[in-house]
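*Asks:* Encoded as structure tokens, here's the structure I'll be asking about.
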Amino acid sequence: MDERGGQTETTAATEEGREKTWQTFATKLREQDQETAKTWKEEIDTLMNFAGLYSVILAAFNIELYKRLQPPDPSSDANTQALMSLVAFLTNGSVPLHLATTLAPADSITSVWINALMFSSLVLGLSSAFVGLIIREWLNFFLSPHSCEGERSTYIHCLRWDKGIVAWHVPGILSALSILLQTALALFLSGLLLFLWTVNTKVAIVTTSLVCGLGAFWLYTTVAPALYHWCPYKSPQALACV
């Protein structure tokens, strides 16, 4: 009896120690998941704030630039004809039989390209904010509590992380948000430069030099990690080149 009792106590102690080990392991994994999700959410919030501010500024540009695509008002042109006829009558005492009317083209190729670049940039900026919102919802589900403990809790973590987050490329989609915003900014700057070259050459030259400087910085920080292993410029687009 004593031998059987000793074996039972040993088995119970082993099971208790095993359960404590699994519980400790599950707690560590839970803390790691929360820290990872917190870091990702902070990154998403930063990108969404930038996308929101950027979209507001860009919308103001688009409202003004859109007017370039609108055709001239026919009634305004008719009023101009009537006024010119009246002036001719008062000056020469006769009404001109024919007054040629020259209508401005509804849009030009330059205006179309400017608006295409600007509106494409706006769509990409809003899309990045929308995708960021969706990813936050994924992370909320990833961290959603469950009633399991110990070994089963660890199993659920493996399912959510290995079969969920990693297998469905959530980190890659998150990294794409930054590239999406950079693409939107590049389209905006291209449209802005094209617009300035049609308005004022001196302003366009100064602005182009600044944009070229920014482009050179972006290109160097993107390529440098591929050339120098210990370079800290590990942005998503740079990691894609490594």
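We count from 1, first residue shown onward.
The backbone N, Cα and C atoms fix where each Cβ goes, glycine too.
Curation plays no part in TrEMBL annotations; they are all automatic predictions.
Remember, it's a predicted structure, so these values are computed and weren't measured experimentally.
According to TrEMBL, the record shows the following:
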type: DOMAIN; residues: 22-198; note: domain 'DUF6535'
type: TRANSMEM; residues: 46-63; note: transmembrane segment
type: TRANSMEM; residues: 83-100; note: transmembrane segment
type: TRANSMEM; residues: 112-135; note: transmembrane segment
type: TRANSMEM; residues: 173-196; note: transmembrane segment
type: TRANSMEM; residues: 203-220; note: transmembrane segment
*Asks:* In the same chain, which residue numbers or ranges, 6 or more beyond the ends of the transmembrane segment (46-63), come under 8 angstroms Cβ to Cβ?
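*Replies:* Contacts with the transmembrane segment (46-63): 115, 118-119, 121-122, 125-126, 128-129, 132-133, 177-178, 181, 184-185, 188, 192.
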*Asks:* Which bits of the chain, at least 6 residues beyond where the transmembrane segment (173-196) starts or stops, bring a Cβ under 8 A of a Cβ in it?
*Replies:* 40, 43-44, 47, 50-51, 54, 58, 61, 65, 110, 113-118, 120-122, 124-125, 127-128, 131-132, 135, 203-204, 207-208, 211, 214, 218, 235-237, 239
*Asks:* Give, as a single whole number between 0 and 100, the mean pLDDT over the domain 'DUF6535' (22-198).
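*Replies:* In the predicted model, the domain 'DUF6535' (22-198) has a mean pLDDT of 82.
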